[in-house]
């Protein structure tokens, strides 16, 4: 089965504030865009992915990600991340009612297509399933099988919240690139150690952070 991914991205000017100790105000928007571009490019290259819908109200991000082949869905209603994801899932399903839908974080710059395919193939076995992040507190992917609502519960302690909602936690090994989201400088260094995509490698080079880059 191939999946449609829904990728949320907030306005670039407000993105990645927790990277303030690593990247200044003038660099963070470009870094957030680079993360999203590398995430979307890798997702579109995965054999398990049919297409990618990016949920954003940022015109620059929308233009750049559409150029990669993503569909852009307006960031609405104005009710936060989970409302936007639920809306986007409904938009996707309006045209493909039998599609499996998965929400994927936009800050996975080390994402590898084959590892994403493994996660999505495992998710096929369950009505709803999720993958915890590298910190084992949050969530990087939430999948809903055809005919099932996504019911996103992203935010603080989303791992516990998704588990409480009835979604099955995927305990896969060897999928570090799908779990390594980037919120802090330490996260970015961990992603660089895995090997990030070309756009993140170029943006991170301006930060003078040591570590392997662009090898994936």
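Note that Cβ sites are derived from N, Cα and C of the backbone, with glycine treated the same way.
Fair warning: this is a prediction, and the values are worked out from it, not measured in the lab.
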**Asked** Do you know which of 139, 184 Swiss-Prot groups with 155, 158 in the phosphoenolpyruvate site?
**Response** 139
**Least buried by Cβ count (within 10 Å) of the binding-site residues 139, 158** = 158
**Fill in**
residue 139 (phosphoenolpyruvate binding site) falls, by DSSP collapsed to helix, strand or coil, into strand
**Asked** Residues with Cβ closer than 8 Å to the Cβ of residue 155 (phosphoenolpyruvate binding site), same chain and 6+ apart in sequence?
**Response** 81, 82, 161
